[in-house]
Amino acid sequence: MNFTYRYGIHRPLHAWNHSHGLRHSDLNRSMEKGYSSEGCYEQLFVSPEVFVTLGFVSLLENILVIAAIAKNKNLHSPMYFFICSLAVADLLVSISNGSETIVITWLNNTEVDTHSFTVSIDNIIDSVICSSLLASICSLLSIAVDRYFTIFYALQYHNIMTGRRVGIIITCIWAACTVSGVLFIIYSDSSVVIICLIAMFFTMLVLMASLYVHMFMLARLHMKKIAILPGTGPIRQGANMKGAITLTILIGVFVVCWAPLFLHLLFYISCPHNPYCICFMSHFHLYLILIMCNSIIDPLIYAFRSQELRKTFREIMCCCSLRESCDFSGKY
């Protein structure tokens, strides 16, 4: 049994008229106990067109982010390379959700028995989504560590975060996350795997939260000390803090968009028969929408917080609209 079918991580096109983790016996027992709001147990349906539209918008936005970072040499810094890694993860989530919706729609409209093929495709796409999720978390953690170094080790920063080390870090992140994502899907029938995934999510959040509490508590004091040193000043440190605040916003949006899914998994493992848990799990498709919205919101945050990136966006869109080639290297 594949991961998406068992734990509710599947698209509305192959929901097969059941609530995630909810069986008729569970519903009957809940009704006998006085829970008469049957509508709460009906799986919230979201049109496939919504998933395809969100996936397409996210695809365009994240391609724009990757292109901007690749073209503008002023954006060739560790933080933006990690942001590029995060954009690739968002891009893969968008492509996976959109393509799965299209493929499953086509397979469901055929008269040939394609169940085994559907399960195989679903497992492959779920592996990509799971790998992208892990890569997103690791990329956010990498950005947090990078911001920490820029604030507290400003003078040694360029010796610590070299381009070669950044490349190795990103390569290791994607290699480890790809292997982990595939293994999570292969062994998804085990509850231990789901518990490990949930634990990994919340552990990463605790690490990032701890890092940021420490960072913001000491940042102001450290900025005052380093501002008096030659070659540094409030402008540079202010830019570093702005990057830290940008990441704080990214983490906040990530938690809001992904936490409901992990609560869904947690409830499925811990209280699959509880009527309140069942009611929460019945909104699973809404949680999928939140995940896709995260991929759409992130590029907007980049554009809103970075003037350089925003300017590059305008250059790229202007070139596309005029169908002219642009030499970014000469402009930056």
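Cβ atoms here come from the backbone N, Cα and C positions, even for glycine.
Residues or ranges marked as transmembrane segment in TrEMBL: 50-69 (among others). Sequence-distant contacts of the transmembrane segment (50-69), counting only residues of its own chain at least 6 positions beyond either end whose CB sits under 8 Å from a CB of the stretch, comprise 11-12, 75-76, 80-81, 83-84, 87-88, 90-91, 93-95, 97-99, 101-102, 288-289, 292-293, 295-296, 298-300, 302, 309, 312-313, 316-317.
The domain 'G-protein coupled receptors family 1 profile' annotation in TrEMBL covers 61-302.
Here TrEMBL flags 81-104 (among others) as transmembrane segment.
Annotation comment: TrEMBL describes 124-145 (among others) as transmembrane segment.
Sequence annotations record features per position, and here TrEMBL assigns transmembrane segment to 166-186 (among others).
Beyond its flanks by at least six residues, the transmembrane segment (192-215) meets 7, 130, 134, 137-138, 140-141, 144-145, 147-148, 151-152, 183-184, 244, 248, 251, 255, 258, 262, 265-266, 268-269 of its own chain at Cβ-Cβ distances under 8 Å. What TrEMBL lists as transmembrane segment is 192-215 (among others).
Positions annotated as transmembrane segment by TrEMBL: 244-269 (among others).
Sequence-distant neighbours of the transmembrane segment (284-304) (same chain, 6+ residues past either end, Cβ-Cβ under 8 Å): 8-9, 11-12, 15, 20, 43-46, 50-51, 54-55, 57-58, 61-62, 64-65, 83, 86-87, 90-91, 93-94, 97, 246, 249-250, 253-254, 256-258, 260-261, 264, 310, 313. Residues or ranges marked as transmembrane segment in TrEMBL: 284-304 (among others).
Beyond its flanks by at least six residues, the transmembrane segment (244-269) meets 7-9, 20-21, 86, 133, 136-137, 140, 143-144, 147, 151, 191, 194-195, 197-198, 201-202, 205, 208, 212, 215-216, 219, 277, 280-281, 283-284, 286-288, 290-291, 293-294, 297-298, 301-302, 305-306 of its own chain at Cβ-Cβ distances under 8 Å.
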